[in-house]
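Per Swiss-Prot, these features apply:
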- 8-28: transmembrane segment (TRANSMEM)
- 45-65: transmembrane segment (TRANSMEM)
- 79-99: transmembrane segment (TRANSMEM)
- 102-122: transmembrane segment (TRANSMEM)
- 131-151: transmembrane segment (TRANSMEM)
- 157-177: transmembrane segment (TRANSMEM)
- 204-224: transmembrane segment (TRANSMEM)
- 235-255: transmembrane segment (TRANSMEM)
- 270-290: transmembrane segment (TRANSMEM)
- 291-311: transmembrane segment (TRANSMEM)
- 325-345: transmembrane segment (TRANSMEM)
- 349-369: transmembrane segment (TRANSMEM)
Amino acid sequence: MSIYTRPVMLLLCGLLLLTLAIAVLNTLVPLWLAQESLATWQVGMVSSSYFTGNLVGTLLTGYLIKRLGFNRSYYIASLIFAAGCVGLGMMIGFWSWLAWRFVAGVGCAMIWVVVESALMCSGTSRNRGRLLAAYMMVYYVGTFLGQLLVSKVPTELMSVLPWVTGMILAGILPLLFTRILNQQSEEHDTTPITSMLRLRQARLGVNGCIISGIVLGSLYGLMPLYLNHQGISNASIGFWMAVLVSAGILGQWPIGRLADKFGRLLVLRVQVFVVILGSIAMLTQAAMAPALFILGAAGFTLYPVAMAWACEKVERHQLVAMNQALLLSYTVGSLLGPSFTAMLMQNYSDNLLFIMIASVSFVYLLMLLRNAGHTPTPVAHV
């Protein structure tokens, strides 16, 4: 029986449309703010507001899924995101957009938690890696296509908002034709996120999501700046970023399959080692194409493998709470990593980007090389 059941396929179709909308807005909102002559710090504050919304949305979604189930939680999350999009056209200004991007951030995080939790609850330990790999492939393909759309369509605010809002609402439609069951038993109370963060046997998975956030946040946010400082043109920067993201897309399926077959711990060790090798290759200014490719293939696949590993360590009724904890960890890493790395790059050298990535990866590799321990097979494995 295929792991890609009808509910899974429809869920991923809806996610693709929503990811397109997310990618378009995340690219254009800073440009729209700049056109309104807002100061750089104000543009940064609006971006931070969106990520703050991500944190809040992550914390809220477990309760919503427990009370309403996956389908209705998905509808509500999509409508919140749509409201955050429509609000941008109601009033253009710093404080207004600060609020509406916060709302959009809440909606986006809720969508991610619902989709990831639904996929994990739909799978088993034998196929969860492939399900999450498919999720990440859809996410990165949607991001790539969103960037492509920005380069092909008019980018004026009132030209973009109608069709982006329509795309968000269209993302609801696939789930109207199926029902995703929440297999979390009613007799279990809602599991606190803090207990998942403290769970000793899942700590390597949680730490892996933090490291993944640091690595991906730094690559996404600071790689274009690094390339620019190397004298590379904007067009060429776009090409090299495409190489990086494409490697991440191509790596999802084989690495997910290898993780299901040989175990997540072994695959995580190899991935982190390859990230270190890719960082060293960039520092030595060796052939950039293969260096970026292996960095993207290993770095962009850390999150789903770490997530699947952590989810092996909990019972089925704890999967939603664990997913919240992992997404929260990733978000914290993606906020702190680029901020700290950017300060180091500004004060010392651009090479600190890869030194930082290699350093945090090395620390995580040491954790992975220690005895991970053996725990009884939990219900989530079945």
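Yeah, the Cβs are placed from backbone N, Cα and C, and that goes for glycine too.
Sequence-remote contacts of a segment are chain residues at least 6 beyond its ends whose Cβ falls under 8 Å from one of its Cβ atoms, and for the transmembrane segment (291-311) they are 116, 120, 125, 128-129, 132-133, 135-136, 140, 202, 204-209, 211-213, 215-216, 219, 240, 243-252, 255-256, 259, 264-265, 267-268, 271-272, 274-275, 277-279, 281-282, 319, 322-323, 326, 330, 357, 380. A contact between the transmembrane segment (204-224) and the transmembrane segment (349-369) is present, since 3 or more of their C-beta pairs, 6 or more residues apart, lie under 8 Å. Residues of the same chain lying 6 or more positions beyond the ends of the transmembrane segment (8-28) and with a Cβ under 8 Å from any Cβ of it are 50, 74, 78, 81, 85, 104, 108, 111, 115, 118-119, 122, 131, 134-135, 138-139, 141-147, 149-150, 155, 160, 164, 167-168, 170-175, 177-178, 180. Sequence-distant residue pairs (6 or more apart) of the transmembrane segment (157-177) and the transmembrane segment (79-99) include at least 3 whose Cβ atoms are under 8 Å, placing the two stretches in contact. By the count of Cβ pairs under 8 Å, the stretch nearest in packing to the transmembrane segment (235-255) among 45-65, 131-151, 325-345, 349-369 is 131-151. Listed as Cβ neighbours of the transmembrane segment (131-151) (distance under 8 Å, sequence separation of 6 or more from its ends, same chain) are residues 3-4, 8, 12, 15-24, 27-28, 115-116, 119-120, 122-123, 242, 245-246, 248-249, 252-253, 255-257, 300-301, 303-305, 307-308. Counted as Cβ pairs under 8 Å, contacts with the transmembrane segment (325-345) are highest for 45-65 among 45-65, 79-99, 102-122, 270-290. Nonlocal intrachain contacts for the transmembrane segment (45-65), taken as residues 6+ away from its ends with a CB within less than 8 angstroms of a stretch CB, comprise 26, 29-30, 33, 73, 76-77, 94, 97-99, 101-110, 112-114, 117, 182, 184, 190-191, 193, 320-321, 324, 327-328, 331-332, 334-335.
Within its own chain, the transmembrane segment (270-290) is flanked in space by residues 211, 215, 240, 243, 255, 297-299, 301-302, 305, 351, 354-355, 357-358, 361-362, 364-365, 368, which lie at least six positions past its ends and keep a Cβ under 8 Å from the stretch.
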